[in-house]
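Data first, discussion second: the structure below is written as structure tokens.
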């Protein structure tokens, strides 16, 4: 552990935990994947996660769990904090830290992205570079204010993005300035107080550094008592006598005075003041804890817990058709919602938030979001079936609205008896479900093969529900067809799906009537349930011991069978026998079979590409791989045993299996290599080039063994897809204001061959949005750039979240086989003067989060040039930036 040089008696309660943290081999490079370049360094990701764990443990210590033993600080002294450990101690062993770790991943990736995004990586204000310390503090306070406003509006994805940006700037202050060189070992007492001066800032004519010829520059600073920071690159140019940032990526470090002062890593090749790296990291960690504690004081414990998803529970999100024929369905939704509220209120599984979006042709919405179950119930009771009833309805528009306001890793339930009128949104909604990692289940009280139905103007096609099928497949959900008399019973899947279940992979993955399918049950699974629906005439389930159970309702030798029309569930008796189970179904057509279970062992994942040409080396996160671009699969296993039990062994995943979704054919098997300490559960693998050569959806399954040697299999809830092009969308570093005009930068690049593409953009709400790039012809490894201008009307309401969507569609021969690519960007509208501004520190105990003035980016012309070095030799870097599917916001 790193020593703390400040007496513990001088620190506040959050800082008392510091001795427990910061493993010496874990800030300053972007993420842990940077450590290949500088082993032993502490990264932005480390600092962010450790600070969040500190504040979370403090929260757990102050808020004892109802009906459970209190946590004691002494139990964690001398140990590295692990999310799985403290969650198990607080909530119990059956509750997963997966959502919390996913939220931390969102913040950490948003933090790291500041070093990669075109709009932020070279902006000195966002990194406290070039002696722009006052401007840097203004941007820092603005990002914290955005975090606060977005969290209060229940827009947690946006709040985590802005929190990551704020923490990056805060941590950079201690690595890029000379605060540590001045002998300071505590955070700057005025940095989060905007009405207090930073004091003793070096002026334009003050020399700050002397020349340093070598890589390591321990004595290159002048005898200063003034605060300064280094210049990076050529914008702005370094004045005579000033310090450089330093390191191999800094062009200014070769100009006198040579060298630099950054403490980003332990490597002199990157950090001339590498010897002060650990000291800078200690202070940056203290400052990060201080900032998170500030947010907790402003949001309250409940609001802060939702910001970081310090809960095993998910959100409850309904999309309701309110046309005249939907009376039974609406009542079923109300019954399930009431049951969930009553059963879970006050428990760890109480929903984090409640979302409701009605639709009724020709309209949809508005969206209703709340964290108060009573308010949600009141709103739900006001929903009634209205007049009308013509097929089809604006279902996908309502679903898109729900996706934009539902937290990641949530289930969304759509109740309807109509096909979609807005089927043209199918691809965009599919992409949004993957980006938000939300699972969509459609409960449809309409037989797709039935020609009759509710009122309609023309004959209905049996394929009219295919958009629902496509979205359910892309999101990992399902479409359940039922009838009015069964909807209340079938709707019980709402409560069951919200229990944090995992879906077990079937072998073969594509079900064939009359042929058995196999699924593996390991020792970490409980409450195994088989769900089947379709035109089923019979089924048989066989255990590893050879016991069988058929379609007879009631309790059988293996579990409890229930039937509601053509919807069947079989809940296995706990504990289920470990080993290989078989299912065989007799049905007309293709039955739908899903096996789910409860477990604490699961995984999160995202993709990444190596970044070598930015300010720092690292692995840049993507939500999906890009065709032709060398990509890493990055896995984070959740629910591993604590360090105290490692001697007894732990489950291990050895490889990942990739399959084509439509046919289930084998696409490849890749070995998973551990990264860092085993208790962190981090794994990585290189995706095979054959997978990245075409844009096809594929499933991801991890395979390994549990502690007893039984086969261990976990599958990603959603299929993955390979994007045909890399699409970047990035905005200004600040918030929007009413009456402003903000430029957004756009880039599209191809790595799989020449492509002609069309680009379309839209914005919600309907503000004015113009673009100077509507079509591009791309060669191999070429990019096209453009600019969008977003005009915010004077009448725009403060605290409004604006979502910009860009869609790239291939044109020309074979274009119909190439799926569209979408990018989503969320921005926040704030008033210049806000109610969130607090009083001066002399009248308040908390730091102030004041308004800031956004600085607009210069106009970007449409140009074309080389995207990078290609996909062979050195790993490509050059066009990645901005937002790819709301880039790096979530991990499943």
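Cβ coordinates come from backbone N, Cα and C, glycine included.
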Region 'Disordered' per Swiss-Prot, picked from 231-272, 273-314, 315-356, is residues 231-272
DSSP puts the residues of the region 'Disordered' (231-272) at 4 helix, 2 strand, 36 coil
How many neighbouring Cβ atoms, not counting its own, are there within 10 Å of the Cβ of residue 54 (N-linked glycosylation site)?
24
Once the DSSP letters are reduced so that anything not helix or strand counts as coil, what is residue 54 (N-linked glycosylation site)?
helix
